[in-house]
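Below is one structure, written out as structure tokens, with a few remarks after it.
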């Protein structure tokens, strides 16, 4: 918990309205001012373009993008052979961080026929390294292929998002047909970030599926939004055109994501995933209480809730830990704490809306329970 609290304090000091417990890759990159590496360009929030792709973009006369070296359309040269993805993890990560990465990669094996294996002598492989943000190339580009996952990026949903890029997936909100499903409010977009809302060229992509508002590849509705300093909130940039839909932080795979993943890999079946969803249940008897305490949405307790309160916390899309996996994650014992603040500046934070703004729902009880009258 101390580590999560430190991240909160560090982020709060830089940007008072950042979504703390569920930062997306684009938010982290905005904070860290990601600008790519080795001459490549990071665009669209968390994707890297090679110099060749960048050249194609600069000379494009079409209003739609023509820069992708990879899309869902079949292209054997940018697919991972036999769905095997060799990887190497940088020694800059500590052991706990490596465990988080490995655990997240294992998830793909539970829902598809893709396998991430440690690299031995393979020429084409992913090099996972903590550089200056969360970003990836799209599909296989050949040779050592960098995937940057800085310390702030080590949440399972961010790792999954970047690995989906590495396998060949684009952003859902950049589909050629997206204007039928969402309206982009360009007036609310941060100056200089309009490129993040460009659409893919229809001839380069294959999206026969229904538009998936909840896809792990869809950004939230406030992505790259300007800050309203009066209300201290980020303005909406994407408005769903379907009634009853909210563009929240998408932190898990949808069934459509899984179907696309299996179609890309031409996997034989999805029996494991189907069985996993069918078997979704609670095995602890205090899940409702845990939910009221905010533990379902707190990343610190994610693995514990997946294992014990999967149904109540609506975490059925996450694989329950199996025997032998427990050593991959830190375990915790939950206990009722005293009614007190764990941070000395709660009174200051309260004056800035910490106790009421929804941005802080998942952390206020941990840090300022007494000041915010939560106990």
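Placement of Cβ uses the backbone N, Cα and C atoms for every residue, glycine included.
Please treat TrEMBL annotations as automatic predictions, because they have not gone through curation.
Fair warning: this is a prediction, and the values are worked out from it, not measured in the lab.
Residues or ranges marked as active site by TrEMBL: 162. Under the heading Zn(2+) binding site, TrEMBL lists 161, 165, 171. Feature annotation from TrEMBL assigns domain 'Peptidase M12A' to 70-268. Feature annotation from TrEMBL assigns domain 'ShKT' to 280-316, 339-375. As annotated by TrEMBL, signal peptide applies to 1-21.
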Secondary structure of residue 171 (Zn(2+) binding site) (DSSP, helix/strand/coil): coil
DSSP-assigned states of the domain 'ShKT' (339-375) in counts, ordered helix, strand, coil: 14 helix, 1 strand, 22 coil
Cβ-Cβ neighbours of residue 171 (Zn(2+) binding site) (radius 10 Å): 25
Number of helical, extended and coil residues in the domain 'ShKT' (280-316), per DSSP: 16 helix, 2 strand, 19 coil
Densest Cβ neighbourhood among 161, 165 (binding-site residues), 10 Å radius: 161
Between residue 162 (active site) and residue 171 (Zn(2+) binding site): CA-CA distance (Å): 11
Mean of the pLDDT scores, which run from 0 to 100, over the domain 'ShKT' (280-316): 77
DSSP-derived structure type at the residue listed as 'active site', helix or strand or else coil: helix
